[in-house]
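Per Swiss-Prot, the features are as follows:
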type	residues	note
REGION	7-31	region 'Interaction with Gp41'
REGION	73-77	region 'Interaction with membrane phosphatidylinositol 4,5-bisphosphate'
MOD_RES	TYR134	phosphotyrosine
REGION	191-229	region 'Interaction with human PPIA/CYPA and NUP153'
REGION	279-365	region 'Dimerization/Multimerization of capsid protein p24'
BINDING	ASP707, ASP782, ASP783	Mg(2+) 1 binding site
REGION	824-832	region 'RT 'primer grip''
SITE	ALA997	site 'Essential for RT p66/p51 heterodimerization'
SITE	GLU1010, TRP1011	site 'Essential for RT p66/p51 heterodimerization'
Amino acid sequence: MGARASVLTGGKLDQWESIYLRPGGKKKYRMKHLVWASRELERFACNPGLMDTADGCAKLLNQLEPALKTGSEELRSLYNALAVLYCVHSRIQIHNTQEALDKIKEKQEQHKPEPKNPEAGAAAATDSNISRNYPLVQTAQGQMVHQPLTPRTLNAWVKVIEEKAFSPEVIPMFMALSEGATPSDLNTMLNTVGGHQAAMQMLKEVINEEAADWDRTHPVPVGPLPPGQLRDPRGSDIAGTTSTLAEQVAWMTANPPVPVGDIYRRWIVLGLNRIVRMYSPVSILEIKQGPKEPFRDYVDRFYKTLRAEQATQEVKNWMTETLLVQNANPDCKQLLKALGPGATLEEMMTACQGVGGPAHKARVLAEAMSQVQQPTTSVFAQRGNFKGIRKPIKCFNCGKEGHLARNCKAPRRGGCWKCGQEGHQMKDCKNEGRQFFREELVSLQRETRKLPPDNNKERAHSPATRELWVSGGEEHTGEGDAGEPGEDRELSVPTFNFPQITLWQRPVITVKIGKEVREALLDTGADDTVIEELQLEGKWKPKMIGGIGGFIKVRQYDNITVDIQGRKAVGTVLVGPTPVNIIGRNLLTQIGCTLNFPISPIETVPVKLKPGMDGPKVKQWPLTTEKIEALREICTEMEKEGKISRIGPENPYNTPIFAIKKKDSTKWRKLVDFRELNKRTQDFWEVQLGIPHPAGLKQKKSVTVLDVGDAYFSCPLDKDFRKYTAFTIPSINNETPGIRYQYNVLPQGWKGSPAIFQSTMTKILEPFREKHPEIIIYQYMDDLYVGSDLELAQHREAVEDLRDHLLKWGFTTPDKKHQKEPPFLWMGYELHPDKWTVQPIKLPEKDVWTVNDIQKLVGKLNWASQIYPGIRVKQLCKLIRGTKALTEVVNFTEEAELELAENREILKEPLHGVYYDPGKELVAEIQKQGQGQWTYQIYQELHKNLKTGKYAKMRSAHTNDIKQLVEVVRKVATESIVIWGKTPKFRLPVQKEVWEAWWTDHWQATWIPEWEFVNTPPLVKLWYQLETEPISGAETFYVDGAANRETKLGKAGFVTDRGRQKVVSIADTTNQKAELQAILMALQESGRDVNIVTDSQYAMGIIHSQPDKSESELVSQIIEELIKKERVYLSWVPAHKGIGGNEQVDKLVSSGIRKILFLDGIEKAQEDHDRYHSNWKAMASDFNLPPIVAKEIVASCDKCQLKGEAMHGQVNCSPGVWQLDCTHLEGKIILVAVHVASGYLEAEVIPAETGQETAYFILKLAGRWPVKVIHTDNGSNFTSATVKAACWWANIKQEFGIPYNPQSQGAVESMNKELKKIIGQIRDQAEHLKTAVQMAVFIHNFKRKGGIGGYTAGERIIDIIATDIQTTNLQTQILKVQNFRVYYRDSRDPIWKGPAKLLWKGEGAVVIQDNGDIKVVPRRKAKIIRDYGKQMAGDGCVASGQDENQEME
């Protein structure tokens, strides 16, 4: 049903349009509100026809009222409109919406039925706060009966998903539509969502997680249930998969009830929240009002994002009270703060209506200018006091006559009042003869700039400034072309005598419209020409136009002649209440007016493709009409500016383009997919290897920070390479050939643009640096830091020279990002005249921390550690060790909470760094903080740090302070060389004797800097020293340990040269732990001096590195014992070589331990399982192990006992059937394909769940294996046209499963779980997920045996395909044989019989079937011929001449 506009007629419509939307407001109801209401009713599955009568409106109000509490703002607006409409139909006199709502409330209270008894009244009062939208209703007999959801409710839910697509409004809409529903109803709602399979998969995973959590917290009661008692629901019962509708109703209506429907709704809402966060990733903190954005639009964005935030209502209320005002633009914020803290949203909207942006400023300017233009009486009107006639005074600020600049009411203009340029005042202006407001700038007698000399013809456009040209082919004529005396009017090329308007001021000129003269602004951003109240002849028609300040009503006059600077244009003029007269593009294009951007005349950098490669030839994909129109408009402007050029069909290259809408804007942005060109383009060397650091800056008296605008588009591209950047704008339905362009400048997104721009900028700045050696310029991409020791005026003059120098080469430096006064914001730092710091850092306060929150927190702390000494993050980093999802909640340990609290205290006091003085020495001081964490300061004067930092890496499990100190020194030295070009003098907390004792043995490890000792506790020392020679007279201990890898039982012991021996049994150990345990026993049983001999290289390596800390408890105990000894000698001998004491102790500890280790293959099987986690069948088969041994290896692996051994066995399906599905892991998408008959697996991580990626995967699969049928779910990627086209081309039949029916995708669903399980077992062996996926696929296909035939999946698929080929060939042979007939003679009967059917042909006989009898006939008595139809057997029979071997073999 369409939108209804005829609900009211006659007097009712007049009454409707006299009612105000708000009390005290200005806006009234209009016809459009009725149309909107009817459309909204269709969305909510209500009949718009009910709006025609009062009774119908009452029914609609009763239907919508229960959902008001949880509904959106749109629902409330609809309810309000219907309430007003009801009053109009009922002839109830009201003046605004609030009065209508009051009347409705009165009516409802009057018609409210009186309760018969107090209990009924109490029940009614209780029910009044509860929605009556319950599918469970009570019958007359008192039984609770379930009413299924109506098709109208389901239709409303589907429309919500289609229109909103998981925006934040979906959650309250779902809550409203599903109130009181059973799990079966909720599953019905979910099943109606056909597309969005990725979102549904996420929802399914959340429901599974919540169901598992429910089962953990609600264990099954022990023992049988009493008769008649309901069982407790499990998680799967609540989700509606293992419970019936009757059970759900029984739980919900029991006493006490179990609200399974509400619990399931809560789970679904949790999943929807996660989906909404993915579809709406913008945080509420990022919602800020733009300088030109209306307050109303900002509030809409704010509340839309607020609904998506996962926070409590109290937190959301706080966000509304603080962030809404805090993030408004300055114009609105000033008004909002004036309203006070208790202001309502309505008051805010009213106060900020029309505030901010160009429209607001234009109105202020227009008011000021109108006051200025009023005739005023000035003291200078009495001119009789002066000799001669003087010219009237003129304002330098606004250019009007009659007042001085100090009395001007117009907004103050920045820059010089004489020439209009920034950077100096009028009294310091050196631009003689140039007047900012002189008439020549807006008339034909204007200066014409000098064109470049003829030897620079290569440049396309090279104006000295960005200017607005009124260009054309004709020459201008008029008086005053010769110019005034003293003015330079030299023209290098007469044919280019174009009028030129600089943009140092607003381009306002005088134009003649019809017969009237007006001042108007030339606006290249406006589509239409709009003039304030003007009397024009001819017919007009009303029109509504939208601008920055809102909609205004105008009169449209067509075919109006407009004279602009002597050029005439005929077009449409709109007349209405505009704050500024505007000449738009509809007239500017007729007179040839262009906005010219300079392209630099610099030498281009030659670029080539990689050897052997050609340019990209990627077809342009289809685009929508609005995108094509947007791209045409953008490219037309770029072509006028010389950035791109049109090309013909001779260029064979193409790169696809597309368009996206800019953030929070209706404008489009052009994007070019240069991925293919980037692959083929030569590699570039980044000329800048890092970003500059403020600690390396020398202190300067004057500083300025600049930003280069339109950087890439001001830099030319190599002419020979331009052809490879070609792209095409297509047309709808191939109406016309596509428009072809190529780039003339560096394109955005191309790999060479950054390096070429940096190199070009360096060449451009080189002559300026030579000319001004006193100026220091730090350049990083388009950010420029300019420092000098000149006086401020001289410095700013030099900066203007730099800006002019860049401008000559085509690089502009916008005033908006020109920082003249400190503090300067540069590269994330805040620079002051004598100090620097990082930009303000505020650590978030959170009750719940996720992995992503911790990562951001650690990043902030690392950034702050540049200047804040003492910051530590080791305990915080421990919280997020391992592979975790970004949204996983993290529980703080006590150590991490303490560390964060200490960091907060450190950041409370702002700290600053100083600048570098080349005349002073660099000093680096290092302190030990404990727990493997170090901090350092680099300074030139004590307590004035240039830079600070921290170090907390532990490169091995067993280390000591000396090792870590060496690593800190190496880091600080490298950092100093990068920033200052030299190494500092180190002050280390270690005594010289300890340091030199270490370096005596480890001098070859690294380089030693210059250093001195500083007594800063805690000091670094070596806690024990190992002897280099055996200790004479000390007892010698031969130590050894052994462990059984299967039982984890072991022994450790020692034998001494004095006859002592000891052996202990150890549980749950390994060979390496047993060896260390033996050394610990020797140290505990020995005296102050001891010699120890071991055959373990592992133990020898740990102890010889002299660690003083370790993550191993056993090694820590050994360290404690070593510190107690006076002298220790440790030696190693090879095992099992007949060495006396070693052999004795080896026999001692091996007794009862190493028996099973003599089985061949166990070591190899263990290594194979550690790497691939093979199942026991594969190991038993590959390494000839008994099944019990192989099973024990699997049982001893902690990673293989998560869910037990996988179940195997597949349905014997057709060999060509594959099942495909997408699963999600670590936030990435894995596309899985399973060969149903064999269980063989193909999987791949794909960048996006799109049809294109899926089709590419299917084609790769079809290229490797015979694929006849693919079975998928109904996901949008599988149902896409791209996949259908790929299946058609590869002759693959596509079948679809049933949504939410796991049996339809059983093979691939179970394989998804198996794949994730294998990935979990080997994830720590791979850095990237895509590597882990391929490793898991290899393990599944070739390292797991079982199922049909006891094969691996790889062997099984090969066997199935080979068998299928053989049976197909055999069937072909059988069919061939059956095409022949046999004539035969039986016994001695000379008459040929037949024809009989040939069943099989052997070497000596054939098997035939004749009249149902199967006979074996010798070959010599049979004649085989092809069946040519009916033949007569006899003497002249064709059988006698037929060769039986003809066409038979």
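Cβ coordinates come from backbone N, Cα and C, glycine included.
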Other residues, Cβ within 8 Å of ASP707, ASP782, ASP783 Cβ centroid (Mg(2+) 1 site)
LEU706, VAL708, ALA711, TYR780, MET781, LEU784, LYS817
Per DSSP, what is the residue tally for the region 'Interaction with human PPIA/CYPA and NUP153' (191-229) in helix, strand and coil?
22 helix, 0 strand, 17 coil
Give the number of CB atoms, excluding that of ASP783 (Mg(2+) 1 binding site) itself, located within 10 Å of its CB.
16
Three-state composition of the region 'Interaction with membrane phosphatidylinositol 4,5-bisphosphate' (73-77), taking helix and strand from DSSP
5 helix, 0 strand, 0 coil
When pLDDT is averaged across the region 'Dimerization/Multimerization of capsid protein p24' (279-365), the result is 75
For ASP707 (Mg(2+) 1 binding site), what residues in its own chain, 6 or more apart in sequence, show a Cβ-Cβ distance under 8 Å?
ASP782, ASP783, LEU784, THR813, PRO814, LYS817, HIS818
Neighbouring C-beta atoms (10 Å sphere around the C-beta of ASP782 (Mg(2+) 1 binding site)):
18
